[in-house]
Amino acid sequence: MIIALVGNPNCGKTTLFNALTGSTQYVGNWPGVTVEKKLGVLRGNPRVTVADLPGIYSLEAASPDEKAARAFLEKERPDVILNIIDATNLERNLYLTTQLLELGIPLVLALNVMDMVEKKGDRIDIPRLSKELGCPVVPMAASKGKGVREAAEAAVSLGLRRERTLAGCPKGKTPGGKEDGRQAGGAASQQVLKGKDANAVLPDEAAASMRYREVDRLVALTVRRNHKARNTTRQIDRILMNRLLGFPIFAALMWAVYMVSVNLVGGTVTGWLQEKLFQDLIGGSLLDLLKAMGTAQWLQSLLTDGLLRGVGAVLSFLPQIAVLFLILSLLEDCGYMARVAFLMDRLLKRLGLSGKSFIPFLVGTGCSVPAIMASRTIEDQTSRRLTVFLTPFIPCSAKLPLFALLGGAFFPDKTWVAPSMYFVGMGAAIFAGLLLKKWELFHREASGFVMELPDYRWPNLKSVGRRVWERIKAFVVKAGTIIFIGCGILWFLQRFDRTLAVSQPSESILADLGRCLAPLFTPLGFGRWEAAVAALSGALAKENIVAALEILLPRTGAPAADGTAAWGLSSVFTPLSAYSFMLFNLLAAPCIGAVSTMRKELGFWKWTLAAVGFQTGTAYLVAMLVYQTGLALFYGGSLLFTAAIWGLTGLILWQLTCLQGKNQPRKKSRTAA
């Protein structure tokens, strides 16, 4: 038996899916979190499969995720539809319900967030609604676990009843001799489900009008609202969504998020974990054990100087990662981050995008892979492609350890360094979007942006805790797999030379490789082989950069009097070149997992390689401009060389701007008759 969870975006489908199956799929308080179907087995009943489908407002699908939901209903033919609706907004949600009922597939209606309905003082006549719709209606509060078991039992019972009924009937017939509802449901919905325009049966406006009239009638019969209830959401939005205050408040919040997670939590905690826990306690105990066992010296070095040192360096930043995830999850769950999409809509329209493209940017603060996948919620292919190109500019959590490391090592008293990375990433995405828009392949007029805003609410601590735990677990698993393997490879390459003889790191295979790449990074300020290798290691996973720096540039003693260069970093970096190094790794192409996802979403390798080249080229240019400008202004560098670089950059941008008229389609002019 297959039970399909169907409903509008952000109605609680994934929360219910997790409760029914014991899964831990990502849950967010904004539309568009689920972009592909998820399958799971119902707890306590392995014969029942539960499918979590992307949110849809109607069967007339437009975006890829909506088409995926419609295709499942058409091809997989679920035995039961569990239609989850937001009980605080029946008017919007019941439109889809009327279409689903016409399909003839048994349906159970789950009224979610009933706790919010009761809190507002509203009342819903559930028996009357069930009678009018002709299907079971179950009240539920999925985030609190209320009504979940009842909804599952109702769906399974309805499915079993259908199986028993169909077992004694000819194929495609019901006991009354009528055709199976799957074949003879509402004509308009059946045609739309098959990919045809609803106009083939009923004029689109007429069909919609009929359904909305039915929805209005149902709401009038079954809902009693408390009009005296205070609308807290509107009062808060008058401040947070204000045209003048909205952007400064958002900027201040993001600044505070990164300052708290990196500066306040970092330093002491990270240093203690790295020095006391991983090096002294675990590392010292492991080394003593290996010596007592009489193991070979190379094995001792591999385990302590390679694997433990590199993985420990990454894991020591776990508290900062956890705090970042916690604060962002609280902002997401309370309903604020969904509103930022509307704040950004005016700005993104200049790029030919809409506020919907900000959702991938928001998801990108955690990981670029699901962020790129989130672009599926965008209907227009050109906007979707442009969003995929720009999303990796947003700093993901894997880059945070690098910002914390170099920020703490070279800017110990500067709270602006880590937050500046977020704003540089956002600025680069916007500027790059303006540049790409000049080309016909990316040029389009911005479409309107319509998105349901959830009410403000107190964050659900259970949901937030689960979300933070899943992200932390993924970070630790990554450290124990990809980063573990990367550290082993780095140790081997810096331990042996080309004849596979034990050598000094400066004469190793890794050093030879790094010296080939180092000249490319000289204009950026870090033309040393250690820095080049560290930057290259980020292609596998961005966390590997910190692991590589720890292996290649281990601690050399206590930090200087001003707190800088706590590791052996001062031999390779200056504060200016360290900031340039951060900028390059912030904007360069993402890890191999994200690149693979880009290939899947863009459809062609040529687009993927173009995106990787564009992102890396942008990173190189920005880092070079910042380093050379800082060198000229503060360290006596060549003003002439810096001016030449800026001039060449301006010339390139001017040429691209001039191509706008040639590459964009021209409007047809009318001639007088």
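Placement of Cβ uses the backbone N, Cα and C atoms for every residue, glycine included.
Per TrEMBL, the features are:
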- 1-161: domain 'FeoB-type G' (DOMAIN)
- N18, A19, T21: Mg(2+) 2 binding site (BINDING)
- G22: Mg(2+) 1 binding site (BINDING)
- 167-192: region 'Disordered' (REGION)
- 244-261: transmembrane segment (TRANSMEM)
- 311-331: transmembrane segment (TRANSMEM)
- 351-374: transmembrane segment (TRANSMEM)
- 386-410: transmembrane segment (TRANSMEM)
- 416-436: transmembrane segment (TRANSMEM)
- 475-493: transmembrane segment (TRANSMEM)
- 576-595: transmembrane segment (TRANSMEM)
- 607-627: transmembrane segment (TRANSMEM)
- 633-659: transmembrane segment (TRANSMEM)
**OP:** Using a Cβ distance cut-off of under 8 Å, indicate which of 386-410, 416-436, 475-493, 576-595, 633-659 has the most pairs with the transmembrane segment (311-331).
**Re:** 386-410
Original post:
Looking only at Cβ atoms, how many others are within 10 Å of the one on T21 (Mg(2+) 2 binding site)?
Top reply: 19
Subject >> Chain residues in Cβ proximity to the transmembrane segment (607-627) (below 8 Å; excluding those fewer than six residues from its ends, i.e. six or more beyond) >> reply: 385, 388-389, 392-393, 424, 428, 432, 436, 523-525, 576-577, 579-581, 583-590, 595, 598-599, 645-646, 649
Original post:
Are the transmembrane segment (633-659) and the transmembrane segment (386-410) near each other by the rule of at least 3 C-beta pairs under 8 angstroms (pairs 6 or more apart)?
Top reply: no
**OP:** Give residue numbers and ranges for long-range contacts of the transmembrane segment (244-261): same chain, 6 or more residues beyond its ends, CB-CB under 8 A.
**Re:** 320-321, 323-324, 327-328, 331, 336, 340, 343, 400, 415, 418-419, 421-423
Original post:
Once the chains shown are all counted, how many other Cβ atoms turn up within 10 Å of the Cβ of N18 (Mg(2+) 2 binding site)?
Top reply: 22
Original post:
Name the residues of the same chain, 6+ apart in sequence, whose Cβ is under 8 Å from the Cβ of G22 (Mg(2+) 1 binding site)?
Top reply: G40, R43
